[in-house]
Every structure is written in structure tokens, then in C-alpha cells.
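A.B. asks: Annotated transmembrane segment per TrEMBL: 12-30, 294-316, 360-387, 393-418, 430-455, 467-491, 517-543, 549-572, 584-604, 624-650, in sequence order.
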Amino acid sequence: MALSLISRGTYGLLFTFVILISQFCYGFYLPGSYMHTYSTHDEIFAKVNSLTSIETELPFSYYSLPYCTPSGGIKKSAENLGELLMGDQIDNSPYRFRMNVNESVFLCTTRALSEHEVKLLKQRTHDLYQVNMILDNLPAMRFAYQNGHKVQWTGFPVGYSPPNVDDVYIINHLKFKVFIHEYEGTGVQIIGTGEEGMGVISTAEDEKKASGYEIVGFEVSPCSVKYDPEKMAKLHQYDEVPSVNCPLDLDKSQVIREQERISFTYEVEFVKSDTKWPSRWDAYLKMEGARVHWFSILNSLMVIFFLAGIVFVIFLRTVRRDLTRYEELDKESQAQMNEELSGWKLVVGDVFREPNHPKLLCVMIGDGVQIMGMAVVTIIFAALGFMSPASRGMLLTGMIILYLFLGTGAGYAGVYLYRVIKGTSEGWRSISWSIACFFPGIVFVILTVLNFLLWANNSSGAIPLSLYFKLISLWFFISVPLTLIGGYLATRAEPIQYPVRTNQIAREIPARKYPSWLLVLGAGTLPFGTLFIELFFILSSIWLGRFYYVFGFLLVVLLLLVIVCAEVSVVLTYMHLCVEDWQWWWKAFYASGSVSLYVFLYSINYLVFELQSLSGPVSATLYLGYSLIIAVAILLSTGTIGFVTSFYFVHYLFSSVKID
């Protein structure tokens, strides 16, 4: 149902909630997303994120492996809600960089490896786990050659196992290349933030300090080097060591075996670059096959516009002809026409009859309004550039916050529809509570099952119990009250009146040659055609660690999806009414909502053909669980689009007919 204007008092209440939630989310904020200038010899420490693998999709803590630890102990960085839910675990590291100082440094020598540590290192190596390092909020980037092509990766492997060799070798020497851009103060006030927080440059003395270097690139070249542990044990952390060339001979590489002591070293080279700070993410956002991506999207837009135009023109001509012929007749002719002809005019007394399970329909429509509103606002903000890739987890955090505050719209839409169907406000609290619990309950159950799997595998991707309680608190103290407020406002609004009366005895629906659900399922293919290309890139971003940034295209695809879902649902509703099937309510919902089935099937296809390296039932279960959540969200949102459009179409259609 269309949402009416909310009173000023309600806006004031919503604004108060926004202030409260912003204070709550401040505790999850991760600084370092803005420009920070460094002077020569300034110390910068890299951070480490969770170990990740496209083979298992189970993240693990960096320090779950026997790596060197910082002298001051391991300290976790503040993380936002999105990062915590995505399994990111950002810790400090002993890797120290001194601005504009090239050096080769000793880090540490581990104790003798135990049987468990050897087994763990080999397992992580075989599962292709990557170490993810961050410097000044930039992830480490690595270049490799595959089949003669230069391939870009983020992070570096834990180790490697050469073909036809039983031994496994660990990466223990890193060659870092830090690209810097020289910055000079210009007398303009600069507001920036680094790892320490916000800083304002306002005086002439401060402007001189602003002259320095900005980090605009971070590359790593990993290799394995065998050191003499007795000789290396005499060194202290950050002592200089001779620079080494990555050996190609396996005899000079560090093998992983029991009782072996591993020495870790690294080299740093600072390279001046013409790349400016605002453009430093461009290197990460270069998508492979960008030209194919652009042409595919444009081709899809042209096809969808063409098909939608044909459907719309045919539909307008058919309905307008029926209405014109019907209204030009007098009452006696209309009665005779009703006796002789079949079609949508014969179900005038049943078309607004109460559907099966009206409460469930209202609940699903309410949740659909909430999810669709969240998606539209999030994608618009992302397309306008508010969702920077530097702000890890901010996209998911924004989606959660938007979902919470759109509870008012969900409660209003669901209760309003319930009043239209039932003609009374009795039971609106039950509807509001059901709306607040339905979709979050489905997500909670699926995430809990998946979380047990992550806990059983000791993965850092498992949601902590403390975060569980925080999410439940956010839902209970924000989403639930706002949903109840929306439901209350709907009881005060004037409901839509049916243009025709409903007969006491239901009209019998004629038998068909084919089941109606077959047509409903087939209707989802057209909306799916608008998004399956973008779906491929989104799935690649989620499961293959690629960056997705073409939110402008995604916004266009979303608008096309809304248009096509509305048209498909209206056309199918009209077809059902023409064969005297007045039970259109749920069919209108599932006609457009059936696209979710194809999305889920495509996800399975992607798992089988694109994620062939995904190993183990746990990884496949995680993938299917998250895909199921996405499919349910798409079902509710697209189904709501189709139902609302069909409702107003049916209302307009029968209000245009002369009724005796």
C-alpha cells in the first residue's frame, strides 16, 4: 500500500532515534579512512586481517598460525557492524615501516614447530589461504602470472606446494613496495584523520607540518627463504639483515616440518608516485573483463526496454478496448453481454474476496516494503559515492541501520493492507509484531545454524555472542517500536474502499488445461533476465574476493527490475481474471516474486561451475545458507512490487466499470 505522509511528531521521533543509533554505531567506527600525511622517519605499523580462502570460505584469525607477534601484545582494532558480521578480525602486527626509509629487517624466529602447528600450516596452505595485510587502510596487493597473463590479487599465500613435490614451503620473507605521493601544505585548512583519529590543521606552523608524504599504493612480493636458525636467533627485532633475492631453488626455501624453527624477515622499498591520494583505490577497482561487463549490461537494458515496451503497449490496447466497448453499452446490453461473454467482467462480485491466509500476506508485504526501501536507499547512496571501498563493512552496516529504521514503513504497509482486506483495525498489534519478527526470524535461524558450523570449525567468521545480543537489542529497541508506530499510524489512516461489492457466495472457478502455478513460475524468467549479469559480478565480489563498485549500473538494473516485476505481475493478473480466476492475490505476489527461485537456482549453478574449488560440505552449506537468505529477501521485495501494482490495477480496472 502506498505510504501516506507521516506527521511532524513522527519525524521528530525518527530523528531522535537516528541520533541515538549514530551514538551507538560510533563505537564500531574504524578510523583511517581519510588522508593522513607522514613525515620522513615516521613509524607506520601494518595491520593484519583474517586469513581467507576461496576454497573454504571459512576465515581464521591471523594469529591462529605461528606468526611473529607484536612486542606490546595483540590488540584488536575497532570494527563496525558490517566488518564483524563479515568475519573480519583486524589486529595489529609487528611489521613496522619508517616513512621514506628503505630497509631490510629481521622480525623474529619462532620456537620449534609442533606437530599440530605443522599440520595446521600445511592444511592452510593446501586450502589456498591468503594473508591479508593493511597499511594506511590499503590492502596489500600482489601480482602473479597465470598462463602468461598478469593477475592481480589482494594478500599473499600462507605457503606453497610445488607440483610433484611432497614438501610444503612457508612464506617467511616479504618484499614490500610502498608507493608515496609528496604533499605540500597550501595554506588551506585540512581536516584529516589517521590511525590516531581526527586532526585539524589551522595555523601556519601546522601547515608546515602538513608537508609530507601520502601512501597511495601497497604491493607485496612473497617468497620462502631458508635461514640458519642459530645465527638468526642472535638478532633482535628490527635488526637490519642483508637483502635477499627470492630463491628459485627449493633447497634454499623454508620447508614446513616438525622441530623446524622459522625466521621471518621483510624488506621495504618506498617509491614516489604521481598518483594522488583520492585516486589510490583505482588500482584495486580495475575489474577483469570490464568491456564485456559494460556491453552485457547495455545489451540487457536494450532487450528489457524493448520487451517491456511491447508488453505495455499490448496491455494498454487490450484493456482500453475492453473498457471502451463495455462502457458504450447501455445497462440491458451490458447484462446481455455478461451472459454471453466470459472474462474479467464476470468476477466483479468476487475479485475483492478475502484471499487465503490474509495475515501472512500482510506480513510478507510489510517486510517486502522494508527490504525494498532498504535496497533502494542503499544503492542510491552507493551510486552517489557514499559507500567507499576504503570503508570496509560500511555497506552492510548501512543496510542494517536502514532496515531498522524502515520498520515504520513496514508496519504501516502491512496493517494498512490488513485494514483494507478485513475492514477493521482489530488485531493490528499482532500484525505489527509478526512483521517485526518474520524476516528477522528467518535470518536469525539460518545465521544461528551457520554460526554453529563456524564455531565447530573455530573460524573467526563466527558471530560473537556479544554481537548477537547487540543485534537483538537493536532490533528490539529500534525496529520493533518503529514497526508498532507504523502499524498505529495505519489504523488512523483512511483505508481504500473497494469499488464493487463482494457476493456472499463465491463464484466457481472454471477448470483449466494447465495449472496456474506453471504460469506464475514462468513469469519470473523475465525479471531474472534483468539482473542475472549483475548477479554474476555480485557473487564474484562476495565469494571470490573481487571488488564491486559499479553501483550506477546496479541502480539502473534495480529500476528495470521494479518496472518489469510490476508489468509481469499486472499482465498475469489480467490473464487470470480473463479466465474467471478471481483468486489473484497470491498469484500476483508470486508472479514477480518467483524471480527469487531463479536467483537461488543460479546461485547453485554458480557454486557448481564457478566455485569448483570450494571444498567440503561445511563450505557448501555456508554458501547455500547465505544464498537462501538473499533469495528470501528478493522474494519478499519483488513480490511486494508485483502485488501492490496488481492491487491498484485491479482497483482501477473495476472502478472504471459501470456497476448497476
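Positions of Cβ are set from backbone N, Cα and C atoms, glycine also.
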A.B. asks: Compare 360-387, 430-455, 549-572, 584-604, 624-650 by their Cβ pairs under 8 Å to the transmembrane segment (517-543) and return the stretch that comes out on top.
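C.D. replies: Most Cβ pairs under 8 Å with the transmembrane segment (517-543) come from 584-604.
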A.B. asks: Would you kindly list the residues that approach the transmembrane segment (584-604) from elsewhere in its chain, counting only those six or more residues past its ends and only Cβ-Cβ distances under 8 Å?
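C.D. replies: Same-chain contacts beyond the ends: 351, 355-357, 361, 364-365, 516-517, 520-521, 523-525, 527-528, 531-532, 535, 539, 561, 565-566, 568-569, 572-573, 576-577, 623-624, 627-628, 630-632, 634-636, 638-643, 645-647, 650.
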A.B. asks: Looking only at residues six or more beyond either end of the transmembrane segment (549-572), which have a C-beta under 8 A from one in the stretch?
C.D. replies: 285, 287, 293, 297, 300-301, 304-305, 307-308, 311-312, 315, 375-376, 379-380, 382-383, 387, 389, 519-520, 523-524, 526-527, 530-531, 534, 537-538, 587-589, 591-592, 595, 638, 641-643, 645-646, 649
A.B. asks: Would you say the transmembrane segment (393-418) and the transmembrane segment (624-650) are in contact under the rule of three or more C-beta pairs closer than 8 Å, pairs 6 or more apart in sequence?
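C.D. replies: Contact criterion not met.
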